[in-house]
Amino acid sequence: MAAQIYSGEKYASRRREISANLAKRPEFHDSKPLPFMTREEKILESSRKLTLISKHMNEIIDPSDKRELYHLNCEVLGIEGNPMALHGDMFIPALTAQASDEQQEKWLSRALRREIIGTYAQTELGHGTNLRKLETIATYDVDTQEFVLHTPQITALKWWPGNLGKSSNYAVVVALMIIKGKNYGPQTFMVPLRDEKTHQPLKGITIGDIGPKLAYNIVDNGFLGFDHYRIPRTNLLMRHTRVEPDGTFVKPPHAKINYSAMVHVRSYMITGQAIMLAYALTIATRYSSVRRQGQIDTTQPEVKVLEYQTQQHRLFPSIARAYAFVFAGAETVRLYERVLQEVETGNVSLMADLHALTSGLKSVVTHQTAQGIEQARMACGGHGYSQASYISEIFGVAVGGCTYEGENLVMLQQLARYLVKSAGLVQAGQSSKLGPLVAYLGAKSDSTSLIDRTPTPGFAEYVKTFQHIARKQTLKAAQKLFGFMEKGDTREVAWNKSTVELNRASRLHTRLYIVEAFVRRVEEVADPRLKEVLTDLLRLHVNYELLDVAAYALEDGFLSSSQLDYIREQLYFYLAKIRPNAVSLVDSWEFSDRELRSVLGRRDGNVYENLFAWAKASPLNKTDVLPSVDKYLKPLMESARASKL
Ligand SMILES: CC/C=C\C/C=C\C/C=C\C/C=C\C/C=C\C/C=C\CC/C=C/C(=O)SCCNC(=O)CCNC(=O)[C@H](O)C(C)(C)COP(=O)(O)OP(=O)(O)OC[C@H]1O[C@@H](n2cnc3c(N)ncnc32)[C@H](O)[C@@H]1OP(=O)(O)O
Ligand SMILES: Cc1cc2nc3c(=O)[nH]c(=O)nc-3n(C[C@H](O)[C@H](O)[C@H](O)COP(=O)(O)OP(=O)(O)OC[C@H]3O[C@@H](n4cnc5c(N)ncnc54)[C@H](O)[C@@H]3O)c2cc1C
């Protein structure tokens, strides 16, 4: 099963080898539990481990393999980030996709060797979503052949970029490019921020950390201001866009080619989110198979809480989602790598499809992941609320994904634009022009779903029902938009009046894609035992997901109430059927205890002993009497006693 999760036996066994290797190297382990450290201590500890990784990486992984590096980072550095997180996630991808060969020779090679540390500085205090209205300006000075970077007002300060505050000495900065008074929109520049020897900020640069956040606090998200700061013309990233010495602008083959670093993260983060969801579910499912509370049969001992149908309903659909997301994530990464290669040859035809797909997936997956993690926390009762579970930290990190790389409700609208165009083709009788991701929009629905008409309906019946729902909502939302426009609204106003419905269409389209990705994967499985378990999980998934969106199919009679009853019964049947395999389904992700960092979710199941040992190690228990008691509480109690006398 691990080979299914990690797209092949080769990587699944490499993960095991890497974990086994690290188990023998205590210097790579957390020196104490992360929840017991201050933010400063965590940053120091993370930098220590980062240095070790840099020194010994070649002994443990193949550094050219992104997935091996990702696993090494998960084990050693964990999810709370590290001082070079953005270096790998965005700085290097931006240079790879946007710097010319010559620029790559100069900077990418140094970045890969970790001679310099970089980040991606785009968001500002005043603008994150609307990139066309960024306020940092890069004005071209033809005389000196330099760009002058400037922060004209407080809202133009870069704000949020990860590792900008303290760790990075370079950044790919996004600024509005002005040449001879003309605004050429957001462009990307390579910008030195700090002296390479002293690490002091360079003259003209104001820089610092933005302070603690909900989570992800090892990362020094930062602010940055420029005071007429000059960089050479050749620091504009020029793989696709160019500015000649005389200020002539050479257009790229696609207007949004500069957005590639965002598309990179959106493509990879689907898998990252699946993994964080699986972390929380591993903890909660293991704990639920140890925790005993209450009885189902009063003549029998107390049961494991995992025997309760409510507990299964709380956890198992999310287990199915974690599998669905990791399968969809693998497809997304494949498409991203393909588009990256095609863009290299000048073929930008798939950029819009990739953008639409990743915009929808990042939004739906991050939202459902956060919901699933929070349910996993509650499934652990009081102990879930303790940082010993580590689930609150996992939630905090994962839920950041709802905001970064494009706020979810904004990104759903990006997919909606694509869907509306596709709906327009359908309306114009040009369905043959629809791309493969939206071809279903042009097909005709059956008059009703066939879901309960055969003893065991195939997945095709479910897919058809999801298609019917997504198609109906897309065409309806587009119709609403076109209707407002016909009545005289501008497109923008009409769009705003239709966005709730348009975003619903985007979610339904994306949920259909996720179901289809799951079906595709299960169909590929050869081993019959594995296929049976995954088929059960997929059956749980399709029934759970369909119930969640059934209103759309009930309102036009595509599904009847008796079919709905059937779907509910199927759901309950598969909850019970999956129960014996539940722990194996989470164990199959093969997370080591070091990677999980959860006292509650350890493989040995000794929850109570482990919790007690953890509590005893809490810094507050170093002494029996805290200074705060000596200083305040004792005098308070003493004066209360004295006044009583
Ligand atoms: C994971 C396990 C396996 C292996 C691991 C291996 C490697 C590990 C690698 C990665 C790590 C994995 C996971 C990462 C985990 C964590 C990440 C950590 C930290 C994250 C740090 C966060 C960073 C950031 O947040 S950076 C800042 C991000 N900011 C945004 O996203 C801003 C959002 N806004 C926008 O993108 C844009 O403004 C917009 C909303 C898209 C609008 O743009 P604009 O106004 O310019 O355009 P229009 O709306 O007018 O649209 C015009 C037109 O263009 C199309 N368009 C827009 N964007 C794109 C695009 N990118 N590509 C193609 N086309 C695009 C748009 O759809 C319109 O088209 P139409 O006119 O045809 O409709
Ligand atoms: C953990 C974390 C890490 C980050 N790392 C980086 C980084 O490394 N580099 C970087 O550059 N940035 C980074 N960011 C910034 C991040 O990309 C932005 O916060 C994000 O893109 C959202 O933009 P915003 O903050 O301007 O939100 P806003 O756009 O102000 O959103 C506020 C609200 O307005 C709504 N809204 C906005 N526009 C529209 C619209 N057109 N239609 C409907 N509703 C709308 C949103 O849906 C939301 O509800 C990070 C953020 C976080 C939380």
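Using N, Cα and C of the backbone, Cβ positions are placed for all residues, glycine too.
Listed features, source TrEMBL:
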type	residues	note
ACT_SITE	Glu405	active site, proton acceptor
BINDING	Thr123, Gly162	FAD binding site
DOMAIN	1-117	domain 'Acyl-coenzyme A oxidase N-terminal'
DOMAIN	259-420	domain 'Acyl-CoA oxidase C-alpha1'
DOMAIN	460-638	domain 'Acyl-CoA oxidase C-terminal'
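Structure coloured by features recorded in TrEMBL.
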residue: Thr123; record: FAD binding site; Cβ within 10 Å: 20
residue: Gly162; record: FAD binding site; Cβ within 10 Å: 27
residue: Glu405; record: active site, proton acceptor; Cβ within 10 Å: 24
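Each residue contributes its Cα atom, and for the residue listed as 'active site, proton acceptor' and Thr123 (FAD binding site) these two points are 10 Å apart. DSSP places the residues of the domain 'Acyl-coenzyme A oxidase N-terminal' (1-117) in helix, strand and coil in these numbers: 84 helix, 0 strand, 33 coil.
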